[in-house]
Amino acid sequence: MGCMKIFLASKSPRRRELLENLNFPFQIVENDIEEVSSEKEPSKYVMDLAFKKALKAAENIKEEAIVIAADTIVVVDGEILGKPKDREEAFSMLKTLQGREHIVYTGIAVIKLPEMKHSVDYQETKVWIRRLEDEDISNYIDTGECWDKAGAYAIQGFGSLIVEKIEGDYFNVVGLPVAKLFDLLKREFGVKWVGRGFEYKDKRLAL
């Protein structure tokens, strides 16, 4: 049985941890792109950015492999919130989100090399942040969790103290809708879940 390599085009420790928890073998590959898209519809926006990340990462891979990328945003009243640039922006984002519903979108993209077969999909989850005093927002920012997070919060950390409820896929809010991803990998690319491991057709997935 031969081997197939999987590359994750993401620097997110949350996405890495989610895949590691599944015993899914992968390597990290850089995908430095400007995270901007001309798409206005949130679902198309995240799928476009996820595909751009996967495409950029694929440029440096010269072997048979599968490349996975993802992009997550928060949308409230039609406005897209990305990652805060500074404390003031983080405070503004959390102030906007508190006491109301917003939607988390994550786009996923998969490219099979060398033939460049690709597929994209997305997941959305509704999230309600409880009402927060300014002191609560400042305390949360002081935890340091808001950086590098769409919408300036992390649901799996201290952010669990400010989230009132969710409707939909929890892991999507963390940053990677794993059920949606593995459905795509199986349906479009032949990656199978076998016991406590995974296979690609007649090949073993390996680092």
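Note: Cβ is positioned from N, Cα and C throughout, glycine not excepted.
Marked as site 'Important for substrate specificity' by Swiss-Prot: R14 (among others). In sequence order, A154, Q156, V174, G175, L176 make up the list of same-chain residues 6 or more apart from R14 (site 'Important for substrate specificity') whose Cβ falls under 8 Å from its Cβ.
Per Swiss-Prot, active site, proton acceptor is recorded for D71, and the stated evidence type is sequence analysis. Mapped onto three states, the DSSP output places D71 (active site, proton acceptor) in strand. Taking all protein chains in view, 28 other C-beta atoms sit within 10 angstroms of the C-beta of D71 (active site, proton acceptor).
The site 'Important for substrate specificity' annotation in Swiss-Prot covers T72 (among others) and is backed by sequence analysis. Proximity of T72 (site 'Important for substrate specificity') to non-local residues of its own chain (separation of 6 or more, Cβ distance below 8 Å) is seen for V46, V104, Y105, T106, G107, A150, N172, G175, given in sequence order.
Taken residue by residue with DSSP, Q156 (site 'Important for substrate specificity') is part of neither helix nor strand, so it is coil. Taken from Swiss-Prot, the feature site 'Important for substrate specificity' applies to Q156 (among others).
In the shown protein chains, 16 other C-beta atoms lie within 10 A of the C-beta of Q156 (site 'Important for substrate specificity').
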